[in-house]
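Q: Just lifted these from TrEMBL, have a look:
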- 20-290: domain 'F-BAR' (DOMAIN)
- 299-350: region 'Disordered' (REGION)
- 319-332: compositional bias 'Polar residues' (COMPBIAS)
- 366-443: domain 'REM-1' (DOMAIN)
- 373-400: coiled coil (COILED)
- 447-495: region 'Disordered' (REGION)
- 461-477: compositional bias 'Polar residues' (COMPBIAS)
- 520-581: domain 'SH3' (DOMAIN)
Amino acid sequence: MSWGSELWTEGAPFLTGLPMESGRATLLKEQQLKDQFDNLEKHTQSGIEFVERYSKFVKERSDIEISYAKQIRNLSKKYQPKKNSREEEENKYTSCRAFLSTLNELNDYAGQHEVIAENLTSQIITELSRYLTELKAERKSHFHDGRKAQQQIESLWKQLESSKRRFERDCKEADRAQQYFERMDADINVTKADVEKARQQAQMRHQIAADSKTEYSNYLTKFNQEQNEHYYTLIPNIFQKLQEMEERRIERVGVSMKTYAEVDREVLPIVGKCLDGMTKAAESIEPKTDSKQVVESYKSGFEPPGDVEFEDYGPGQTMKRTVSETSLSNSRGEAKERPGGGKSKGKLWPFIKNKNKGSGPEDFSHLPPEQRRKKLQAKIDDINKDIQKEMDQKDALTKMKGVYEKNPQMGDPASVDPRLVEMAMNIEKLQSEVQKFEGWLAEVEGRLPSRSDPPRRQSGLYESQNSNSTMVDNNCAQDRESPDGSYTEEQSSETQVKVAIANTPEFDDEFDDGDEETLPTIGTCKAVYSFEGHNEGTISVTEGELLFVIEQDKGDGWTRVRRNVEEEGYVPTSYVEVFLETNTKDS
């Protein structure tokens, strides 16, 4: 069905004779045509407004997706375990690791909602915005052509009306001239000259009327041709173009609505994988394994108390009054004076609350034997990793210095020496730390008869710390050791331990020398997409570029990378493919 034929089925009347009644019909049809143009103008404007409203709807949906993704990311980041906190230690439990995996999957889930927002913007909002501009221009052009055609036919109609009135006026003038001539010819009192003049005047008027008739006839023929072209060709074509324009608009809206659904459908597989990851994490929880971890974490290593010996009563003897070593109410504050001036010592049982809270002494002597052994071993492992990192960096700098020596144009070999000296000092300090902690570990494991004095560091800070640590170690040794080898403590010693720990300033075990050291690389990465780092702290990368990873994603969607010694910064984690080193993954 065509607008050109259906909206104007009546066609237009054509003038075949004197256009009296037909002229009125033409005016009526022209008015009806104007009404049709007005209707189409309103309808097509309504269609444009509908596209704009739909585009606004998609824009608001995109904003919702971005806001939702941001809230989900913030939620995931909020519940990520904090560094050096109890939550990080709890990650050894399967339930805590499962929750961490759920948080990571939730972060990826938020990323899919960002993809939805991005695709809605690029595939619908941007495209509809460009299409609306073209649609408005096309609509304006069609209606401009229609109005121009209407003005043209109206102009021709006015010319026709003018020629018709002129023809009518000339005919009337000719009739009057003819009547005047006939009266003059019949009057005997009129001279022949006057009669001849009247006859010539009548002939001239008849000739003018004939010319006006010819002119009017020509205008009439031209108008009928133009009117036929106007109503049967020009206007139907304009209506047809408007119809095609409207059908394309409707089709475009349908395609956009289909795309709207497909944008969601495209991320469903990845969303499903995120949900599968959450389910797999939940299924990985092992209650018995977590229970065993509790045993391993808090195993004390204390020996159970021995049997109580029988004391016989004899004349003149006083039976000893002792408190049961297995009693939970055996508070350390209930110790009484021994006859020799000392104090009775009670067993340190696991249920008795340890008052030495906080970081405790450096040798972990405030912990039970088994826990102390684990802490010392973990400390040794951490320091060995630091030593290995320093040695790797030292080897790299040594190779760099060798390259500079062979190729002086690449750099000054002497510029590397200060850093090499600094690394050598750091390695020496770390090795002395390892020896100190290994000595304490050997004491716990019974490999050494007594604790060796820890090596002293050369800084004033270490002097004060070492003196406090020595006081703590002595007090703790006095508290723990008893003739029968049992684990005991003394109230006065405990007070000294508290004071010593309170007076010990916190210090960095990493031997901070004042200047921030260059972070070691923990792996490499390859840029999957290009990124222009305009914001402070970011770095720009190009697709396919290889970089060094110096800090993993902490849950905020950013990874810290280094290009060379002087260029480092953050890039979006989703823009790079990370390859971590094996020891980094294991840790």
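Placed from the backbone N, Cα and C atoms, the Cβ positions cover glycine too.
Give me the lay of the land around each of these features.
A: Look at the domain 'REM-1' (366-443): DSSP puts its residues at 72 helix, 0 strand, 6 coil.
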Q: Determine the mean pLDDT over the coiled coil (373-400), rounding to the nearest whole number.
A: 89
Q: Let's see if you can do this one: DSSP helix, strand and coil counts over the domain 'SH3' (520-581), in that order.
A: 3 helix, 29 strand, 30 coil
